[in-house]
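Note sheet for the following structure.
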């Protein structure tokens, strides 16, 4: 490995390395100047380096995912991790490795000269692991001497022993490069190799079906010609046996397509949920959200099966059409094409009925969940004789729609296949009326009719699944589309790294400025908030009071970046949100929204405290979280919890009181170490003693503070 400089990238070309690796991996990076890492940047500070790489990739419109794996799994990373960026410490410096993939026991590495270098896994792994500390070297030498290991085998033995010792440690100098969630869906499918596997699936199924048709054609032709000899039977048997491997390959390709589409769909659904606007969630009830989740599960479970049924039916119909066009009764092919028109119209009518039925079912789910939440209120306020009036009407309507849908579904499933069989037999009449047809022409025409009947009959159950999947797709489309909302990425400076950009602007005492802010709930409505100009300086303590509905929480949401103003400008240290990016904005401002829009998630208390800082946490994070909890007066709570910070809380765990949850929200905001902390009515549920203790902690730890409260 004397050519380390040939295939590794130096520090000053890290931005070019990311861009070149993304282009080699067909990630389609943005056509922009590659970000430049300054020469004086401390690449040995992992947090700073990881932050720079993630933000630089965000500027290039790709995604970099930091990974942390045991040293024993580096071999698997080299074999399956590409495209990825790795680091190597060698010769007193740090080099970067652009891993493209692997091939036959070698890692494929992109060099600065745009060439692909093939490096053995073992040697590259040894360079990544590096040397063993000197104290461990002495211990290994003593162990090898005691065991009597020959000198010619000591190097390999030392490497294996060092590798076993390093299995308890983790390698965190790796970043996986991939498409961002907002990339087009076809690119995600292509990266998951779904298109390649889908093409293989179609080819394998066509070959299997052609062999099936051909095998019976050999037998039929032999019968019609009056010769069934050994050669004919042997050809028939061989063609039937040849179907088996193609069926196996079809099943294998079908599994790969299912895994690829399922993975892309789940990831896109998760990213869509994460990027939903808070107002979109707030505008939906709990029952509507539950119905949306149920529809997503329906789409995931039915779409693939229904899609395969439709695909195989189309392939078989295509083969049947080709056979009918070759037959003497060629008009049967056009008759089959015409027959699909009423089937399509029937399909569309049934789909509309299914949509109405699904909408009513989801509405009933929403009504049920909302009624369960407000059960006590109904008991106290609603007259007894009207408790179930709306439910009875909904059930009656649901029953009527179900009857109509079942009737049309039955007709659709049976009319399409059996109707074609009758129509096809009738279509054979002209063949006999115009003259004496040959046995071959009759056999070919009947074979085409039966193949088309078989395709339509197999699709009977697939029709229902396909319609259900299409309706579920319509209902989950808002989640799928929200995944395409790209986050705001800051443009890296050609002379300053993102880390330097954050630190170089903090010499100003002026923290936040706002000019001509206007916000409306609806575009055509009246402004609910208007602020001409205001400033916040570092170290200030600001109290905002106002009556309910006066816009206090809306103002906080604008500063936090949860809502976008209709007009106006908000600056932090003289930079707007597009310059800092969403991540940079959140690092500067954090807060605790009102109790009804803040949540305790089902997980450990530590996760609820540190979710805005980073997960999994290090020991220092846990110690600081416990320290802040003690300062906020949560020591009795921690002492009661058997697992301490690792105690499960939320709906499925330890139930927190209103005051305890409020202090957890405050601690969550403080642990983000933002320059400006905004607390929206966070002290309203505290008693005087707890309030004094919590205020002392907040004043001590918040550099700049805004507190929103009722007068």
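For all residues, glycine too, the Cβ spot is worked out from N, Cα and C.
When the ranges 174-192, 231-249, 250-268, 269-287 are checked against TrEMBL, the one recorded as transmembrane segment is 231-249. Of the given residue ranges 311-330, 331-350, 351-370, TrEMBL assigns the label transmembrane segment to 331-350. Among the ranges 373-393, 394-414, 415-435, the stretch that TrEMBL annotates as transmembrane segment is 415-435. Confidence over the domain 'ABC transporter' (512-710), given as mean pLDDT on the 0 to 100 scale, stands at 87. Proximity of distant same-chain residues to the transmembrane segment (415-435), defined by a Cβ-Cβ separation under 8 Å and at least 6 residues beyond the stretch ends, is recorded for 328-329, 331-332, 335-336, 339, 343, 346, 441-442, 445-446, 449, 452-453, 456-457, 459-460, 463. Residues of the domain 'ABC transmembrane type-1' (219-353) grouped by DSSP class, helix first, strand second and coil last, total 121 helix, 0 strand, 14 coil.
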